[in-house]
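Enquirer: Here you go, one structure.
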Amino acid sequence: MDSQSSILEENLEKILRGEGLEFDSVAEQVDPVTLRKNVCYIVGAVIFNSKEEVLMVQEAKRECYGRWYLPAGRMEECESILEALQREVREEAGIDCQPITLLLVQEQGPRWVRFIFLAEETGGSLKTTAEADDESLQAHWWDRKSPLPLRAHDILSLIDAGLKYRRNPWFPVTQPVDFPCHVVCQRLFLTFISSRADADDRLWLLMSNNNTSHHPRLPIVVSFRTYISKAVSKLIEDCMPSSYISVHIRGILGVQHNGRIPGKTDGICFNTLVLLENTEEGAEIGSPPSLETDCYRWQEVTNQGLKAKIIERIKDGSVLPFQSL
């Protein structure tokens, strides 16, 4: 195996483990994003006690005063995602927590990205009405059966997802990793599986030719004002406009963020698993779709162990869910 193939396989393994890779560059010149100016990140926690009651907080905001919601709030300058989560839970509910895993990422473009965690209580005590402030009125454990006026019903599916993961995890524990990035982008783990009755499945990965590091690199797409997920479709339209293919964003393999230097490291890099499928009737599927640009190339994954891991993650859906709302 040559050194380039070895580096690529090592990097792919890191991404599959959720470790992330240093963010190097994007092809175009893009201004850095700034938290609470042109990007907004929200953290929320799903926390259960031993009775599988879920932690809820009573809102103090005028527009939803007295209603109940999961502990959640906006990230602040110089915070990591985990620090923001722990601060919000402490301020709103009075307890300390430790994240177990990211449970879901939701987005409406870079101006609204929400990170939902499954977490556990590690200390402190539930906030009481005597401690009410601008953050919340009180906190308590909800059995999910007793009537409770909710601020919004979107949290019910989040609570269900937390219970499901507690009982039967369907993707590996995923925590944000500390790598600085100046934009909101995706590193695409973009795959194509060619299947033939007379041969084993073959797996292909899209690789970038815009490479200043001289090492094999996965494509990176930047999101501006529109949905983050649309950046994937745009890349496909640009490099395979004549192909009849469907694009399936399977989910997130890793989240990279630093945030220590306001206006310079407020970006996020999502390592996103994508599957392309040929939809043309009678199409030859022994090879991936033809590329109509020199910016990218297909590379076959020939390491059998690595190929098996990737195909398993694709077919099992064993990735952090990613929702565009």
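Numbers run from 1 along the shown chain.
Glycine too: its Cβ is placed from the backbone N, Cα and C atoms.
According to Swiss-Prot, the protein has these features:
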type: DOMAIN; residues: 38-163; note: domain 'Nudix hydrolase'
type: BINDING; residues: Leu55; note: Mg(2+) binding site
type: MOTIF; residues: 73-94; note: motif 'Nudix box'
Enquirer: Compute the average pLDDT of the predicted model within the motif 'Nudix box' (73-94).
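Expert: Overall, the motif 'Nudix box' (73-94) comes to a mean pLDDT of 98.
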Enquirer: Please report the number of other Cβ atoms within 10 Å of the Cβ of the residue listed as 'Mg(2+) binding site'.
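Expert: For the residue listed as 'Mg(2+) binding site', the 10 Å Cβ neighbour count is 24.
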Enquirer: Under the DSSP assignment, what numbers of helix, strand and coil residues are found in the motif 'Nudix box' (73-94)?
Expert: 13 helix, 2 strand, 7 coil
Enquirer: How many of the residues that make up the domain 'Nudix hydrolase' (38-163) does DSSP mark as helix, as strand and as coil?
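Expert: Helix/strand/coil tally for the domain 'Nudix hydrolase' (38-163): 28 helix, 50 strand, 48 coil.
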